[in-house]
Amino acid sequence: MKMITRLAISNNKKNKTRSILIVLSIFLTTVLLSAIATFGYGNIKFQRTNAREFYGSYYGSYAGVTEEQIQEMQKRSEFDRIGRAATVGTIKNERTISMVWMDEETIDLANLQKQLETGAFPKAENEIVGQKAMFERLGYEDAKVGDTVEIPFRRNTNETYQTKEFVISGILSQTMEEQENQSYSAYVSKDCFESLYAPEERTYSTYFSLSDHVSVDSSTLEMTIKDLAKECGINPECASENSYFAMWVLDPGMEMIAGCAMIALVVIFFAVMVIYNIFQVGLVQKIQEYGKIRALGATKKQMKKLVFREGMILTILGVPAGLVVGTWISIAFMNFWFKESQTFGDGVQVNMISIPILVLCAAAAVITVWIALKRPMKVISRISPVEAIRFQGNQKKNKGIRKGKKQMGVRQLTEANMAMNRKRTATTIISMGLSCVLFVVAANFTGNVSTRYDARKQVPYGQFQIDLTYSTSDTAYPENNLDAILKDNPLDEELVEQIKDISGVTDVQVRYMMYAKDKKGNLQSIGVLNQKQFEDEAYQGSLKGTVDYESASSNDEILYGWSYFVEDSGYKIGETVSMNMANGSGEAPFEGKLAGAFGSTNYDWCITDKTYEKMGLSGKSISTIWVDCRPQDCKDVESGLQTLLDKKQHYQFSTYQGTLKTSESTLGMFETLAYGFLLLVGLIAFMNMANTMIISIVTRKRELGVMQALGMTNSQMNSMLRSEGIFFTAGSILVSLLVGMPAGYALFCYGRDHGYFGLDVYHVPVVEIMAMVVILAALQISLSFILSRNIKKESIVERIRYQE
């Protein structure tokens, strides 16, 4: 056993070039495997660890709950923790400011404590907590803990406002959503709530977690909490799940695991092909040596062990370094990602290194080498000593016909060498080509991502977009529902005229909407689209049924806004839809065929502007306003818009430039991941080409020496080596384009049809492909230069006397 190990070590030392290439291939394979695994594990662990920090630890909530229903909840063992919250009222202001009470359990379950910058949540009846921006809107600049403020509020829309004096007990930080929508919440104490509401008037929202014995995941949580609501006498429609908490805490991140596993399999496939080819090519020059070992009495089993140990010794050298480098790359990238992210920047850092995961990566690398060695082990074990000792390289039966040439030049010598080793040449070209196929496919995808198009999907026109914000199922705050908002629409024609008067504004466009209730009684939004808006929505893809403006207009058809959910709507394509539609100033019956569905829109349903005109309603309700101006006027126009919108509420303000920056940041992160991965895969495959050329030169060292003795110059030899490298490179590029371009175009079409990020018009990724060609050419030229330089170090006599 020790003798076989010593022989394996000796063989590896003797074949230094082959050993170095195999170690590098194993190293790069392990780098990729460990980087992929660490990225997946680190992301899942980070999200799980910080899920409670980001999304709270409650499983769900119930709205409109009475004291008796809470007592029923407390009796059931399925509930672990139950917290209470209640709406106290709304504060008088142009923006939405809610007054809320939450008990300590709810504050903990919703993780509101992290938003508290200074002070404490209210205890006394006259204490209040809120954001600095909220107090500024109420006229209190630079509010501090301990300041006394007078707050005008009312319990509901049926009452008049009353003023109450409060002491600020704490200051909250402002969330991203609050900054964008300028909506705020003020928190008061339990004593304040109970002083304003008699026991029989009190209703609550409950936040709860479930006991460990309740088996739920993200797909079953909603149904489970609705079933529990029925058991407690609570309306199931008032139940809502904490979806992000469920996704990261209750599920094991299966999508992330599956994605990482698929990428790892691709890496293993290429690694097996490359390592196998390196070993297989190296066997040719070692057949006689293995034959001598067989002649000395080695059994088939021992020959297999010899080849296996050669590979495993090299694996031991490459795997540890690969694990270290791969883990470091992944951790460095994720730390940078989390640091730059506004969402995850404040998260608790976690240890992303998992010993079991790294052991699994090491095992995967070992198995990869073992798979690559199976055929070489089989070949060596079956060869007889006599055949091996008599072996003279590639010998082919020519059926008594000898092909010759009157003259032999560099081109003829290159062609002869390629033809003499057809199988090796083809394997090298295919393996290199397939690794480049991945690059071409990825280039067809990422190279066709248009950040401007993606930004225009969110801000379709102009430089600024003002959207009406609303709810369709807010039982706690019905004044936030669409039907209530449209009765006093903040985005009215008067606002449009004021916007047109802003200096620098070149154009203003609007889109209208309505509301209705479906056959289940649910409030629905109805988009009213002109022909251009209709065609823009249809262009996004993922359509179902017939989506045609002229047909929809002439036949008064209606379309569903989300094709993926049309089956869940209770309606079928082709069915007649009947509902009463309203625009805030009037109501009219509608009846029309459900012709089809858009991929995704901002509305539940859509009709055309011509259909709307036939309904005979007066006035129109605006849902979106687009404002355009010259780029140099953006700052002044934005300032003017903010002044006009300062006293408005129920809107969201977006800018094209801000959306474009977000798209560019997302694309940059995606390209870094994709091309970094493909670069490492390409390097693994390049090891294969390097090995083929090196082995070709080593096995022909005597031949090259004889040819130089006969008159071949150094420049001719260099030209021959370059030609061989160019042949491999050109063949690899040809394979990658023949396979990669159709596959890449198919991926692009699939992504565009399904509304993937930024895919619009296809164009051949010339820049990316040229970059691939330049990199391959540079690597090949460098390799040829190094090889020819090494050959020249030996004299012609030494090369002629060389024994393989």
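Heads up, the Cβ atoms here are built off N, Cα and C, so glycines get one too.
These features come from TrEMBL:
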- 20-42: transmembrane segment (TRANSMEM)
- 256-279: transmembrane segment (TRANSMEM)
- 262-378: domain 'ABC3 transporter permease C-terminal' (DOMAIN)
- 311-333: transmembrane segment (TRANSMEM)
- 353-373: transmembrane segment (TRANSMEM)
- 426-447: transmembrane segment (TRANSMEM)
- 673-698: transmembrane segment (TRANSMEM)
- 677-789: domain 'ABC3 transporter permease C-terminal' (DOMAIN)
- 726-748: transmembrane segment (TRANSMEM)
- 768-787: transmembrane segment (TRANSMEM)
Long-range neighbours of the transmembrane segment (426-447), counting only residues six or more past its ends (CB under 8 A) = 266, 270, 273-274, 277, 280, 667, 670-671, 674-675, 678, 681-682, 684-686, 688-689, 692, 728-729, 731-737, 739-741, 743-745, 747-748, 751, 759, 763, 765, 767-769, 772, 776
Taking 20-42, 256-279, 353-373, 726-748 as candidates, which has the most Cβ pairs under 8 Å with the transmembrane segment (311-333)?
-> 20-42
Secondary structure split (DSSP) over the domain 'ABC3 transporter permease C-terminal' (262-378) reads 97 helix, 0 strand, 20 coil
What else in the chain is close to the transmembrane segment (20-42), if you only count residues 6 or more beyond its ends and a Cβ gap under 8 Å?
-> 253, 256-257, 259-260, 263-264, 267-268, 271, 274-275, 278-279, 311, 314-315, 317-319, 321-323, 325-327, 329-331, 333-334, 350, 352-354, 357-358, 360-362, 364-365, 368-369, 677, 680-681, 683-684, 687-688, 690-691, 694
Are there three or more C-beta pairs under 8 angstroms joining the transmembrane segment (256-279) and the transmembrane segment (353-373), sequence spacing 6 or more?
-> yes
Which residues, given as numbers and ranges, are at least 6 beyond the ends of the transmembrane segment (256-279) yet have a Cβ under 8 Å from it?
-> 18, 21-22, 25-26, 29, 32-33, 36-37, 39-40, 43-44, 307, 311, 364-365, 367-369, 371-373, 375-376, 424, 427-428, 431, 434-435, 438, 677, 681, 684-685, 687-688, 691-692
Predicted model, mean pLDDT over the domain 'ABC3 transporter permease C-terminal' (677-789) = 77
